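Here's the structure we're looking at; comments come further down.
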Amino acid sequence: MATYLYHNHSPNLELRDDIVFVELNPSQEYRSSILSGLRPEIVMEICTRAISFWTYQTAQEARFQEMTQKSLEDKLSALEKQLQKMTRDVNAELSGFRDTVGNLQKELEQEKRRGVDLSEQLDEKSRQLSKVQNMYDRQKRRPLFPLATEPPHSQIVMPSLPSWNPYNLYRTASAIQNPVGMEASRPPPAGAMLNKSVDAAAEPTIHTIYHPTQGHLGSPPRPFSPPAPMPVFGGPRRVDALPGGVYSGNSISQRFGGLVLWSKAYGPVQSSPINSLIQDVLIEERASTQIYYKDNYALKWTFINELDLVFIVVYPKSLGLTYIDTLLQAASSRFSDLYGERILRKSGGVPQLKDWGVEFEALLQTIEDQDALSKKSKQPRKFEQTVGYTNSLAFAKAKPEENANKAALLDEEMYQRNIEALKKKSGGSPRMTSRRANKAKSPAGSPVIGSENKKSKEARTWDGKISAKDAKSLDYSNSEGSNIVNADHLVDQSGMGQHSKDGTYNVADLDDNEDDESYSDDESEEEYTKISARSLQAKKPAASSGLMSFFKNMTGQKEMTPETLEPIMSKMKEHLVNKNVAADIAQHLCDSVAKGLVGQTLGSFKSVQAHVKQSMETALKRILTPKTSVDLLRDIAQAQAENRPYTIVFIGVNGVGKSTNLSKTAFWLLQNNLKVLIAACDTFRSGAVEQLRVHVRNLKALEQNAVVDLYEKGYGKDSASIAKEAIASAKQTKHDVVLIDTAGRMQDNDPLMRALAKLVTVNNPDKIIFVGEALVGNEAVDQLTKFNAALKDYSGLANPRHIDGMILTKFDTIDDKVGAALSMTYTTGQPILFVGTGQTYTDLKNMKVSHVVQSLLRE
Amino acid sequence: MHTAIYAVLIALVLVIIGLAAKTLLGPKKGSKNTVLITGLPFAGKTTIHYLINYGKSVDTVTSIKENEADVELVPGKAPLHIVDIPGHERLRFKFSEFMPIARAVVFVVDSATVARQTRLLAEYLYDILANRFAQNEKLPILIACNKSDLITSFKKERIQSLLEAEINKLRQTRTAALDTQDADGNENVFLGFEGQDFTFQDLENEVEFIECSAENKDMEAVKDWMAAVCY
């Protein structure tokens, strides 16, 4: 037996769980040697044991596998848990960040709102102040006219204040100013300056700019808007807080002729937002808006019409700079003071603008520094010594308190006190007198350029200053002394202007103090403050050209002001509305035209009306002249060259004549030997397909060898897919043009508009033509904007399509009420390709711009 | 004192009236002396205008109004009235307002973008060539290929052939266009000869191509052309 001993391995099993796998593979010989000669019972016994041992081993192995599996599973779950935890952490962090951003945004919004609130307050207060000022002026006038001195009188005046109408007052004021040789001693009504300032403020320019971010764009101008505010709040501080390079502002003064007179960039400006502004806004007669956004920039602008100048400021739109309007106003009035003469004289040439850079820098500096006023309080301030100043301050202080409680009721005491104060001042109220004297100084009364306009600007400035003062005084304690000081800073700042410039709008006037000397001697009274002298100065350059203006007055040359334009513009608007122009558009257009006219002077023999009409004509021509090519045939030739059919979709509301004008267009195309396929995509209205079939039959009969076919799939199908099939089939059958007729739909029908957008998106036609009735009035705007909006909103494309052109149908039925043509082109900016003028196939014409313009302006 | 002032005033009035009369009546009396500068936006019209009239190169942006100036190109001769017409499509109608008084037209082309703008250029040029006054008076036309200093600029021969090819297509489509509403019908002239490809030589107008560069103040050729055509 020993010979057959199986050589065993000698495994070292160290641990209990260790297992050794051994491949025994015994030979037959060995097996038989072991079991041979044994009794069957014993053999059985051995076998049984062997089997049980094997079973045991297998069980062990299975258990071991199970354990391994379990451990692996544990590991996996642990990992999973870890992953989850990490994800949760990251998410939490993320949401934390998001919250922070949200909070910051909310804060920003709050800040903005607060800024608006504050400016509104300022607004309100300056209005109050101007009321008080007005009352004060009246009071002051009383002593001058002996009859009016008693207090009872002033009480009578008071109740009329709330209904105080600047226009009326203005008229009286200007009536008095106009006589040329008026003696210096005669005092004009003290209200004149103030009235004018309010007037000027009612001009849309200032007003809308004032709330530029509030979505007031295009809202009708409020009658009493506040004068240009001094940017005491928010704005300037924000700029200061920014690191150097971030603020990239860019200011440009530009001639209408395209010449850049001067420009300064504080940072790099990509693209050319100014060209976009000119092309998108100024040329399109959309200047009744006040702010324009392009890429990352916001642009604001102001005109000096008498010089044909535009001032443009470009700044990053993320900075809600509030002082831009002030800057524009100040810069433009300063500029016209300094260089207006020269530019007018050298009309056409390239004017030299020396020193303007420095001027502008200083102006900007002052405006930006306005809120850092307190620091500069140590500077000498002469204005504070002015009687007028103290007076107005007292009023300013007293008034708001009163006002806060009850609307505009001042009590008798108030008046008494005022009058006393006045008497103390010995009647010579400094500010007003100086103004008066000033006026008297310049013999002709008005400078050559835009005398009226300029004055009104000055007045506005002045008012703005007051309002700022007022605001200041309200902010601080009521004690007079402190008030004076505080207000003084403001005044000082603007008046003294270390660098001889000031941020405020008025500053422009004030800046002239370099040439003070010439004037100061004239004004002997001590009460004339430096400010008054300076403001006189401002008029000085104008005075030098006084002779010219004298002649202009003599020969009847007059300047257009918002007041002279207002009645004419409203008449013009009415006229346009009567011609069926949509009311909104007539308003926008009139505003825009008026804006371009204010400040221009008229020739001797020209009536304002004729001039307005002329510039309206130019504006209308501009709007109606297409800015893209309307040569459809050339486009089709291009498509032919590219070996594809040219597709045109006709869209519009029900019953305007889509199918009819489609077939007229088809007729014209057929005459030019083009092969036309008409796709009947009106699967909605019964008879639509049959209508087109009749047209096709007629067209075939009309033209020999004409290739015109109808692609139709009956009713109820998806129009988008029919159009797609039609285009595909046109490509195979070599048709040149596919005209797609769609179902008429009202612009408010959402599902149908979605279907239309789908048709356009799927097929991407070459031209989308809107078919509109010439009979439509205000509705035109709504239709076009909603169709355009649907094409945009429902397309889901990054660059959605819009209406490419229009066909104006039923043009023969409207005589000269062609307003729809204007409404439509103004709304979309797209050209009117054709007009339908009758029932036959040949009644499709090109619109003649001059014809429409004439019809619009015909009485 | 007052009388003295008034005397001065009256004298001034007379002078002013005289001046006004001169400026108002002057151009109409004599033969036409107006040269129009026109072309697409960003071609450099305003820059060229200021270069020719004032010898200065200036910064410009898109023009809204036309610029006008009188310049004595040849010393001693009557000054030429030069009008720079805005190029923006919406303002294009202005060119037809000036055509009646035009003596010559300078059509400014941006040589660098000509390939992209061929169609726009040709359409505008077609409008000018087909204009009634250009036809009747056979106005000489200069095609000033500006910005020749750029590397990407085309040579004038290339520009000419591009424009000719495009106008060749355009005259087909334009003559086939629909009538206008009141159909006076006189605006559909056919440029060149039917059945032949269009070339500028076929025109009765004198058409010349000149390369120039406002950037390099290289305007002599344009000035010479103006002087040659107008005197």
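All residue numbers here begin at 1 and follow the chain in the order shown.
Using N, Cα and C of the backbone, Cβ positions are placed for all residues, glycine too.
Noted in TrEMBL for the protein shown:
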- A:112-134: region 'Disordered' (REGION)
- A:112-127: compositional bias 'Basic and acidic residues' (COMPBIAS)
- A:422-464: region 'Disordered' (REGION)
- A:452-464: compositional bias 'Basic and acidic residues' (COMPBIAS)
- A:493-527: region 'Disordered' (REGION)
- A:509-526: compositional bias 'Acidic residues' (COMPBIAS)
- A:831-844: domain 'SRP54-type proteins GTP-binding' (DOMAIN)
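Helix, strand and coil residue tallies for the compositional bias 'Basic and acidic residues' (A:112-127), in that order: 16 helix, 0 strand, 0 coil [DSSP]. Below 8 angstroms of C-beta separation, residues 624, 626-628, 630, 632, 657, 660-661, 663-665, 667-668, 698-699, 702, 769, 774, 805-812, 821, 824-825 of the same chain, each at least six residues beyond the ends of the domain 'SRP54-type proteins GTP-binding' (A:831-844), sit close to that stretch.
The average pLDDT computed over the domain 'SRP54-type proteins GTP-binding' (A:831-844) stands at 91.
Each residue in the domain 'SRP54-type proteins GTP-binding' (A:831-844) gets a DSSP state, and the totals come to 0 helix, 6 strand, 8 coil.
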